[in-house]
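*Asks:* The structure under discussion is supplied below as structure tokens; questions concerning it will follow.
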Amino acid sequence: MEDEEMEKKVQQYLQRKGFRLTELALQEERNRLSTSAISDVALARSDNDPARYHDGYSRLRTWAYSSLDQYKHELLRVLYPVFIHSFMDLVAEGHMQEARSFFHTFREDHEVMHSRDLQKLEGVLSPSHLEEMELARSFRKNKFKIKLCEYSYELLLQYLQKTQALVVLGVINEHITFEVSPGQPSLISDDADVVALIGTSKDLAKQINQKEVHWGLLEDSVEERMEKALAESDKIEAESKDADAEDNKKRNAEGGKQGASLKKAKKDKLVGATGKNVRTETSMVSVAPRVKPELTLPATPVEVEQSILEDLRNRAQLNSVALPSVSFYTFVNTHNGLNCSSISHDGSLVVGGFSDSSVKVWDMSKIGQPTKMSSSQSENGSSQGERISTLDEGKRTYTLFQGHSGPVYSAAFSPFGDFLLSSSSDSTIRLWSTKLNANLVCYKGHNYPVWDVQFSPVGHYFASASHDRTARIWSMDKIQPLRIMAGHLSDVDCVQWHVNCNYIATGSSDKTVRLWDVQTGECIRMFIGHRSMVLSLAMSPDGRYMASGDEDGTIMIWDLSTGRCVSPLLGHSSCVWTLAFSCEGALLASGSADCTVKLWDVASSTKTLKTEDTKGSSANRLRLLKALPTKATPVYSLRFSRRNLLFASGALSLSSS
């Protein structure tokens, strides 16, 4: 009121004094201010209108899809961050109905590349959920990095200036960083790393990956001792053969039987040369540096050493030309009840973990034989709660282990096959004796389902991975974990020991792989690059490389010493559930839900990496040697025996039609 009275008095004064022009200027200024106030109110109303997100994203989407084909795939990369943050802004402002409508209208645009993220965000029903959900917090705290060529970037800027799309412009300024490169647009096939979340996780990975990793093999390991003994015996045998050949030559030179002796001498030389090649190939692993164990390792029984020596003596040497024989164990009539399977190191035992909480072990030597139940087995079964059961009228015998109270998600044999571990949704791990057919220990420590459990290469120690976002290291003789590895942002889905037992690797639903020091429990490597949850891991025999497979079917080979990706392997069309390196490290086998086993040439790629360490990973792509399709059996597990025979297993999954 005081302002209005003041304006009236000023106007009366100007009229009294005859200042007509000044009076008109004052009226024009008053009209301009009132018009501006009205437009400000209208703008404030539009700023609070939830429809602005729908309109802004819809126009950007239409423009991107109508762009030239040469630049379209680059411009479409902007849509996902804008979609995510528009949805989260609507939720944060309390427009829940509009947020759900926006989400369901445009989610199909991103279903192929980001289905896991969308499934999680679908559960956001209130602003408080944005604070509670790790994925949403990560999106809010960090920025997306998007790679564009210069011309695509100019096109985007022109669109934003022309349309004055304030909502889209706000999201881009606050949540997106562009990496602009000169020249032509990138290829669609190189889309793996063009949209990435940067910020704390990237900085953390850089900081972690500066730590030192001793990736070599154990000093004076059993296999090394056996290889030395085998090499010496081969050398002595070759020398004696050469001496015999020379004697025969001299003896037969005068008798006219020179032709036959020359053939024998050539044959002996060929055998000797082959033996030398075998040892040369084996020594590729032996050139790896040696490290001291951080854990107290158990003693190896003499009979086990003899068994290893025999396996090494009969080991087949594999390479890109000499591929392995494959023995595939198929589970039938599982009725979708089989969750996991595993094979012992020599292929003699196969275990399956089932949804009805049971664990079943098949002895391959008894397949097809009539059932024989000894009194000692019956006594063990009755006293411990396990029994010997038969399937298919005695044609197929298995040992039934019962004790879990929920579905069994993982099972693993000890290196020598005398023990078996199983993990379950009941949050426990159980240790079983395959000799006594009995449950020995129940390990409790995890708070949620345990997805994976793996014995160390020397036995005695084992590692577990759980829905509680931790991995844990245990020893058979203690019921409490020795170490707890915490740091993943989501479920730890798989775990794998390093060959020297000083490290474990974990794969997670947060799309990262981490390497942990078993002595300190500290994370010493963080591998970022997967676009979906990591389901399988494998370590190379020399300890330098690691393979990881994800839900999208992508496999990545990592160099543990540098923390970088050597090469992505593209070929599977579904989840990669299992990976295995051959004994000399020349081949990698992968098993997938797409019902195939694929064999990859690892040796040629890693040799290229060592000689041309400064070149990019595109020059080091691994070569697919062979794809082995099954009729209709997703591949659950793979294992190379010490003799380099490849074992595989899975459950037949024929469609009802």
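Cβ coordinates come from backbone N, Cα and C, glycine included.
From TrEMBL, here are the annotated features:
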- 48-176: domain 'TFIID subunit TAF5 NTD2' (DOMAIN)
- 231-254: compositional bias 'Basic and acidic residues' (COMPBIAS)
- 231-275: region 'Disordered' (REGION)
- 331-365: repeat 'WD' (REPEAT)
- 369-389: region 'Disordered' (REGION)
- 374-386: compositional bias 'Low complexity' (COMPBIAS)
- 401-433: repeat 'WD' (REPEAT)
- 443-484: repeat 'WD' (REPEAT)
- 485-526: repeat 'WD' (REPEAT)
- 527-568: repeat 'WD' (REPEAT)
- 569-610: repeat 'WD' (REPEAT)
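Relative to the rest of the structure, where do these features sit?
*Replies:* Taken residue by residue, the domain 'TFIID subunit TAF5 NTD2' (48-176) breaks down under DSSP into 103 helix, 8 strand, 18 coil.
Applying DSSP to the repeat 'WD' (331-365) sorts its residues as follows: 2 helix, 19 strand, 14 coil.
Taking the repeat 'WD' (401-433) as a whole, pLDDT averages 95 in the prediction.
Long-range contacts of the repeat 'WD' (443-484) within its own chain (CB-CB distance under 8 A, at least 6 residues past either end) are made by residues 295, 297-298, 300, 406, 409-416, 419, 421-431, 490-497, 499, 501, 504, 506, 508, 516, 518, 521.
Here the repeat 'WD' (485-526) has long-range neighbours at 116, 134-135, 138, 201, 204-205, 208-209, 211-218, 291, 293-295, 297, 451-458, 461, 463-467, 469-473, 532-543, 546, 548, 550, 558, 560, 563, meaning same-chain residues at least 6 beyond its ends whose C-beta is under 8 angstroms from one of its own.
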*Asks:* Work out, from DSSP, the number of helix, strand and coil residues along the repeat 'WD' (569-610).
*Replies:* 8 helix, 19 strand, 15 coil
*Asks:* May I have the DSSP-based helix, strand and coil counts for the residues of the repeat 'WD' (527-568)?
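*Replies:* Going through the repeat 'WD' (527-568) residue by residue, I get 0 helix, 24 strand, 18 coil.
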